[in-house]
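Take a look at the structure set out below.
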């Protein structure tokens, strides 16, 4: 059905003329021709453009039974989860609950998940932005994925062999973990996490003045293996996004609130903010020497990276850049930190090989490390790379992705007349993050790019006032970008990454010795239970522990009796050994639900507060007799 025939398409008042869809549709071919002419290329006809788009669309077709070339990991934003997509098909493969409660798997309900979440299990929400895969020698090693929670100041780790969160930490002394990146070489030793908001220290309600000397935020490093704090560095201003270099020595972060303001006008007052660069080796040496303080009850080493009386600390350098910078991205060739201007139409290119001289005091001006500042368009937010010397930056206000050549931008900064902009592509609409395949590694392959647009407007069937986001897949394998797919997503992915499918190795069934459910195994041992075979009920005062196996289509315990008010823990081990035969356990009217996949042990605790007969059943369709996979909990009145 065409738009003009659809009665479910939002109408545009006549006085406003064409809708944006109509305008862009009418001008697409003309715009492409003008762009090609401006860039010195051949003018594309309507037919040649249509053929090019058709060929690109054929690349994304993944037929029935065929597999995608890449794993894509999307942050779930304020949904609090991570989503796994296949690329280029853009099919959603799995959702990994992290900071949210998930009734399908029982995440946030099961004892195993709550043990991992720790004290923060009390929070039912999260806001995750930046997923990143662990690396060795600048390449994805497929071991872990890390994700931030801005809402409750947490960082979580996901084991990629099982696609489950296995560690979580609340970062002390700070609020709102936003930017998150990983050390790239020699391996991911640290997870670098920006705390965005400035708070008083101690934050005990006695001081609210952000200009106070003891009001600040910190740059945080977490040990990637133990998921414990490694160190924190106090900074001037606030922190937005971050990235690390390919030497293992430097990390950098953008600051958009050098004013330490709390109001919109105040945060835009300065014409320049900065990128703060951290010397990780200097920080490590100070920690090793015991040259640090601690704050409150936390034992985390804290170092002061602020300027004192105009003098730099040995840990940091502040590089002025145009106002309110946002994205901070390391080029895949390892040469540059690139800070996107946001309120400036420029990106600032920091030459990483000049940073040792900056820290050694050999440069007269911190801006001597800036080797390029290309003007790209309105609202530059984030930059990605194709491994062929080109960068791609989102332009939020212009609703475009701009492709530009980095070395030509450096030449232009020196005064040479060169057109470093290669193409501008309309996206729909207002893009934030973007990510090219393997772009944050030294193996960037320049095949696919995803632009994560914040508004979808008229791109999909209307679904009410809340619209989906629009994640658009772009073919960048040739000389020109080609938009090939619109992907609606629920609120609100911020960023994504792509890894080759050979870089991710997953288990087909659980290992019975997996540490994920080790605390539950230990509990069973204390009760003298063999989880692989035993089906028993153990009473310990008003605590009842029900142990059972499950093999489709039957639970090992088909009924058990408790008293009203008992605390009941049900532990189930799925002894099926067939891939994909997952079981579920739901107790009706009790808010109890969990997943038990093959060879997995899961447990859940609840209070049997209602007398009477209560059925439990398998919520997964695991067998032809799935409906008959039930049991009874009989609750005697108190």
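Cβ atoms here come from the backbone N, Cα and C positions, even for glycine.
Within 273, 333, the residue that Swiss-Prot lists together with 256, 259, 267, 324 for binding Ca(2+) 2 is 273. Together with 583, 618, 622, Swiss-Prot lists one candidate of 594, 629 for binding Cu cation A1, that being 629.
Under the three-state DSSP scheme, residue 326 (Cu cation Z1 binding site) falls in the coil class. Between the CA atoms of residue 259 (Ca(2+) 2 binding site) and residue 130 (Cu cation Z3 binding site) there is a gap of 26 Å, rounded to the nearest whole number.
The record gives 583, 618, 622, 629 for Cu cation A1. Within 8 Å of the mean position of their Cβ atoms, the other Cβ atoms in that chain belong to 550, 552, 553, 555, 582, 584, 617, 619, 620, 621, 623, 626. Here the region 'COX2-like' (542-638) has, by DSSP, the following mix of helix, strand and coil residues: 3 helix, 54 strand, 40 coil. One way to see the shell of the Cu cation A2 site is to take the Cβ centroid of 618, 620, 622, 626; the remaining same-chain residues with a Cβ within 8 Å of it are 552, 553, 582, 583, 584, 619, 621, 623, 629. Considering only the binding-site residues 130, 178, 629, the residue whose Cα is spatially closest to the Cα of residue 469 (Ca(2+) 1 binding site) is 130.
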